[in-house]
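Report on one structure; see the data block that follows.
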Amino acid sequence: MNLKTVVILLVLALATIFALVCVLLTRGVKRTSCESQSLSSQEAKHSDQSLVFADLTPEEMVQVVSYLQENLGVPLVDASHANPSDNCIYYIDVQLPTKAEVLAFLDRGGRQPQRQALAVVYFGNQPDPNVTEYVVSPLPKPTSCRDITVRKYGGKLPYHRRPVTEKEYKDIEVFVLQELSKASNLLRECCDYDRTKFAILTTAPRGFQSGDRATWFVLFQDVYGSGYYLHPVGLEVLVDHKSLDVAQWRISKVFYNGQYYENMEQLDSKFIKGHVEDVKVKQVQPEDTFGSMRPRIAPKTPGPLQCEPHGPRYSIQNNHVTFQSWSFAFGMDVNTGPRLFDIRFNGERIVYELSLQEALAVYGSNCPGGMVSRYMDGSFGIGRFAFELVRGVDCPYTATYVDRHYLVESETPKVHKNSLCIFEQDTSVPLRRHYSNLQSLYYGGLAKYALVLRAISTIINYDYVWDFIFYQNGAIEVKIHATGYISSSFLYDTGTEHGNQIGEHTLGTMHTHLINYKVDLDVGGRSLCMCSLSLPPSLLPVHCEEADPALWCSWYWCSPLPIKLAGGGSITVWQKNSLEQPDEIRKPPGSASSRKTSNLGGLADCVPYLGRHCHPGGRRKVLALNMGAINLNACGNKKLQQNHSILPVGACVNSAQIRGHCM
């Protein structure tokens with residue numbers, strides 16, 4: 001073989017290899033491109049119209065602060081340094097336009113509503129101290145501000161109702177620690193007191209009558225790197241901090257180990273005289289695991305990870321999210337937390353607003369701090385305390401993380417990076433499925449995926465995980481997970497009547513959570529109304545025919561239920577019924593045998609009447625043996641003493657199978 005032939009073969013071989021590589025690469029690119037095109041064709045489209053719901057930008061916040069400083073006509077102190085007797089800006093947030101204005105813009109091509117900001121100002125340096133709310137507009141270059149306080153609340157806001165600032169909390173802590181030195185003998189004995197070992201926890205509300213501003217503060221061991229909320233020392237103090245002069249604050253009541261005292265001096269004096277039963281509290285050591293977030297046993301291998309083979313199937317532009325047939329705008333209210341607007345499925349708006357409004361926690365205890373606690377977390381700032389999320393723990397590694405900006409108790413905006421996340425998850429349960437091995441053999445099923453928007457707020461001891469979940473079948477789910485630490489009281493005397501003992505001197509107090517959401521549905525338009533349901537007794541005809549007297553029968557039945565609409569008119573649904581108490585069969589004029597029934601079941605899609613043959617014999621009693629079913633008995637007018645409480649619905653059973661007797 002000559003050299004020329006070898007060269008030709010080598011060139012052909014290289015050309016073949018190059019062609020194969022090109023085919024493989026091109027096929028891979030084409031597959032990805034086709035998949036991307038297929039996905040995007042199914043998804044909703046982004047729109048800049050969602051910016052009508054957007055939170056304030058840092059630049060807008062700065063402009064509002066500058067405008068207020070120049071136009072309010074009073075000196076403003078940075079809230080992070082302000083005393084109660086100063087004027088300061090408490091917070092600034094977006095003032096959203098009305099729904100009518102927004103819909104005129106979104107649906108009818110109207111003018112875009114102007115951007116506005118809500119500014120809450122504390123006026124402490126005035127003859128009549130008060131809290132005032134202003135609407136500042138237009139943004140980004142404001143030229144006016146309107147006082148909306150009276151229109152919004154019906155009058156001025158008294159100054160004692162203002163939320164406590166971080167500066168005020170710090171001043172209270174300094175004040176309480178100074179007061180503790182007046183009971184140093186007791187504290188050295190019970191808690192190894194050295195002026196540095198206490199953490200102070202607030203309670204709420206702040207008083208028992210209008211005009212009060214007095215708060216019970218509970219003392220705990222100051223444990224580093226662990227939840228101090230689990231280590232109370234038994235001492236609680238009621239601080240009256242209503243005065244605008246910090247020097248006038250005072251402790252009006254002291255509680256220690258089940259007893260009340262007028263002040264710290266009285267507590268220490270009675271202790272020295274031997275009239276106070278002190279409890280030695282064991283000091284928590286850094287290596288102690290009680291209350292620690294450290295795992296008891298370190299995992300040997302990492303857990304499973306979520307994977308997106310072709311990248312995310314959702315898209316985010318500004319404050320707008322699209323996912324398959326879903327689209328919505330999102331934001332974060334500094335007080336109430338995450339909120340969603342203009343939620344659409346297949347391009348049709350079904351929810352105008354879905355937003356968290358409030359989280360309430362009500363406690364019980366035999367200690368004053370626990371027994372008075374009624375936390376309304378919106379007053380602390382649910383959105384304000386939504387901090388950075390940890391990848392792989394708080395949200396999947398593959399999630400998209402969004403920064404949130406806010407201006408609270410400061411004159412400069414701050415940012416909580418990665419404080420909101422969006423991700424798609426496999427729920428690990430089929431959305432629908434069926435396996436058939438009757439007549440034909442087949443399987444059909446659909447994996448259940450969902451888009452999740454998540455934020456996590458840490459309000460003192462509790463961490464609330466707020467989830468808004470969108471499924472591919474058009475369902476929306478709102479879910480909350482409560483984690484973090486419980487709030488505890490010092491355990492003494494009858495404490496376990498108010499909770500459970502979780503430590504040597506620690507009572508895990510009973511409490512209740514109430515979460516409030518705003519859901520403004522626009523399904524099929526805005527002409528919706530509230531329905532009132534009533535479940536009156538109804539007469540149900542029973543057609544008894546000849547049957548074996550030894551047989552007992554049971555069935556479901558339905559009755560028409562009229563529902564009155566608040567906007568006028570009515571609709572009729574079929575109500576599934578059951579009996580709670582036996583009643584006699586009656587014969588109304590012009591009808592066959594009938595019985596009076598109580599409607600107890602839920603709404604159901606069912607036929608007007610579904611029954612089985614039953615034992616004849618005139619007047620009888622009926623007895624409900626399970627929800628949604630009734631049974632005729634063979635006791636005639638006598639009652640049935642029933643020991644067997646559950647029977648198969650819709651099935652006839654022999655009377656010998658029922659352990660009962662006639663009375």
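For all residues, glycine too, the Cβ spot is worked out from N, Cα and C.
Predicted automatically and left uncurated, TrEMBL annotations should be read as such.
Here's what TrEMBL has on this protein:
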| type | residues | note |
| --- | --- | --- |
| DOMAIN | 75-144 | domain 'Copper amine oxidase N2-terminal' |
| DOMAIN | 162-258 | domain 'Copper amine oxidase N3-terminal' |
| DOMAIN | 306-527 | domain 'Copper amine oxidase catalytic' |
| ACT_SITE | ASP377 | active site, proton acceptor |
| ACT_SITE | TYR462 | active site, schiff-base intermediate with substrate |
| MOD_RES | TYR462 | 2',4',5'-topaquinone |
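Mean pLDDT, taken over the domain 'Copper amine oxidase N3-terminal' (162-258), works out to 93 on the 0 to 100 scale. Residue density at TYR462 (active site, schiff-base intermediate with substrate): 20 other Cβ atoms are found within 10 A of its Cβ, drawing on all protein chains shown. With a 10 A radius on its CB, the residue listed as 'active site, proton acceptor' counts 24 other CB atoms from all the protein chains. Recorded residues the residue listed as 'active site, schiff-base intermediate with substrate' and ASP377 (active site, proton acceptor) have their alpha carbons 10 Å apart, per Cα-Cα distance.
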